[in-house]
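> After the structure tokens below, expect a handful of questions from me.
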Amino acid sequence: MSNPALLVLYGSQTGTAQDTAQRLARQAQRRRLRVRVMPLDDYNVANLITESLVVFVCSTTGQGDPPDNMKNFWRFLFKKSLPAGSLSQLDCAILGLGDSSYPKFNFVAKKLHKRLLQLGACVLLPVGLADDQHDLGADAVIDPWFASFWGKVSTLYPTLSGMMPLREDEPLPPTYTFHFLDDMQEKEEVQLRIPMDQTVPSQSHPFPARMVFNRRVTEPSHFQDVRHIELDVTGSNIEFAAGDVVMMRPCNAPEDVQQFCQLLKLDPETRFTLSPTDNTAVPARLPQPCTVRHLVESYLDIAAVPRRSFFELLSTFATNELEREKLAEFSSAAGQDELHNYCNRPRRTMLEVLADFPHTTAELKVDYLLDLFPEIQPRSFSIASSLRAHPNRIQVLVAVVCYKTKLYKPRKGLCSSWLASLDPAQGDVYVPLWVKKGSLKFPSDKETPVIMVGPGTGVAPFRSVLQERTAEGRTANVLFFGCRSKSKDFYFRTEWEEMMEAGFLTLFTAFSRDQEAKVYVQHRVRDNGELLWDLIANKNACFYIAGNAKQMPASVCDALKEAFQQAGGVSAEEAEQMLATMEKTGRFQSETWS
């Protein structure tokens, strides 16, 4: 049997599944296999019947949903018209990346595994279920799974064992080659152009929205800086409903861009073009030609915490003995605890790692930049406004991420810090964005009551739906809002009071630090069991939770089940069953983030 061509297909939302797929592809290259790696939606799924060996690497997003870049593939694969044995020629394997703190842990990988078996594919080994919650992260599952996969492949294709693999410290060819242009050529500014055609903005064609205002909505003395931001989307063709999200791709901080260029001895104003070393397409988001500044500021994720693959690639450039040993340790399975202590726990960035390994950084070849640094990923924010109340506008509520670790410099969230730094008072500021359907779906029936639990910035999607429902004259709206203090972080207080006065809202608040005993939203849910039972059991109300995924959602669910038992007189089992039925029928929904 001749050696196979390996196809690695991934569905990735935050870049982790893409990174894992690329790691596997590099291992294949070292084994001298022909390999292609691409997002599932870039692959013509009709060709799957002609493939001999495919690995699927898939993450799970939201409430058990497939990532955006595999949604078309997902729809096709689950067509009822596909014949049962259509993939009988296919040898494949599935690796799932998930987080066991979410109820639908690795749901996409499990469902894909089941569907491929139905279509007759030969699945070579048990589906891998990597878990972010493991002490050593996803690698605790990925490493042994990779080893099992290569074991199976060498059994299937015995000729592979006779081939001499490339050494781990030998650099593979770069994906792209940089061609620097003569300085004398006229320089062009990379500008955000407002599209003149009638297309709806998307990830590949974002709309540059003008920032109207950027206001801090927490007291200056409060530890948390939270911003209420408004963006003008006039002429964009953007439409959205309550529960939808806006996507934005942030830029790196100017001081980080400057430090990066100094470390790699790059002139930020130099222009270059890229050419692929094989049949890979040049990234569509990079203009040709492009300046080094634009590449580093808008594309390379230099402020991210590096993954293990970063150290694997970096180690191939090391000539300094001490640095090479350390990088080899961080790249090895045995060194993962050490790597977590160095990188993940203190949240050390890629830029900081380069500064810690100066000899290796000096050896870095510019052609490898796009292999070494992932692309900056888009961030999503719940839309906090309705087009009914604010035509041609999108408003968001953004908590600016900033915290201390053992490192001297505070850690900052890339997108929230970038947004907070933009000041429309200093001149026009534009934020490239597009809108995506959210996971929360609100009832179309005017009479259906809506109960919302949204502590902190979790209240954002509920402000959007309340503005919509108020405009439509719907009054059966109940909101549970929680924060630390009535005087410091009570978002949209005036608006809620106006809605209450007009008879459009019943509001329950929990200010956790305003009294001796801490009070949270779950306590208010428990206190108002009679009302909730009446709305849910007698009036078919829908119940929504949005906010931080730590303890809050589970505590609110427990309080709700307790309310069912106390006010409705049902047993614990019946309360559990009621909640499960509500979830199945879309009457209980949650949107949480960690």
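Placement of Cβ uses the backbone N, Cα and C atoms for every residue, glycine included.
In case it helps, TrEMBL gives these features for our protein:
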BINDING   12-17, 59-62, 97-106, ASP132  FMN binding site
BINDING   ARG347, ARG379, SER380, PHE381, SER382, GLY413, LEU414, CYS415, SER416, TRP593  FAD binding site
BINDING   THR457, SER512, ARG513, LYS518, VAL519, TYR520, VAL521, GLN522  NADP(+) binding site
DOMAIN    6-150  domain 'Flavodoxin-like'
DOMAIN    204-443  domain 'FAD-binding FR-type'
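Describe each of these features in terms of where it is and what it packs against.
The Cβ neighbour count for GLY15 (FMN binding site), using a 10 Å radius over every protein chain in view, is 18.
Long-range Cβ neighbours of LEU414 (FAD binding site) (same chain, at least 6 residues apart, Cβ-Cβ under 8 Å): PRO250, ASN252, ASP301, ALA303, ALA304, ILE376, ARG379.
For GLN522 (NADP(+) binding site), other Cβ atoms within 10 Å of its Cβ number 24.
Looking just at the domain 'FAD-binding FR-type' (204-443), the mean pLDDT is 95.
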> Please find which two of ARG347, ARG379, SER380, PHE381, SER382, GLY413, LEU414, CYS415, SER416, TRP593 have the most distant C-alpha atoms, given that the record lists them as binding FAD, and give only that distance in angstrom, rounded to a whole number.
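Pairwise Cα check on ARG347, ARG379, SER380, PHE381, SER382, GLY413, LEU414, CYS415, SER416, TRP593 gives a maximum of 25 Å.
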> Please report the Cα separation of ASP99 (FMN binding site) and SER380 (FAD binding site) in Å, rounded to an integer.
19
> Using only C-alpha positions, which one of THR457, SER512, ARG513, VAL519 is spatially nearest SER416 (FAD binding site)? These are the binding-site residues in the record.
THR457
> Check the binding-site residues VAL519, VAL521 for other C-beta atoms within 10 angstroms of each C-beta and report the one with the most.
VAL521
> Please report the number of other Cβ atoms within 10 Å of the Cβ of ASP99 (FMN binding site).
18
> Starting from SER382 (FAD binding site), work out which of the binding-site residues listed here (GLY15, SER59, SER512) have their Cα within 10 Å, and give them in sequence order.
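The binding-site residues close to SER382 (FAD binding site) (Cα within 10 Å) - there are none.
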> Starting from the Cβ of ARG347 (FAD binding site), draw a 10 Å sphere and report how many other Cβ atoms land inside it.
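Taking every protein chain into account, the count is 15.
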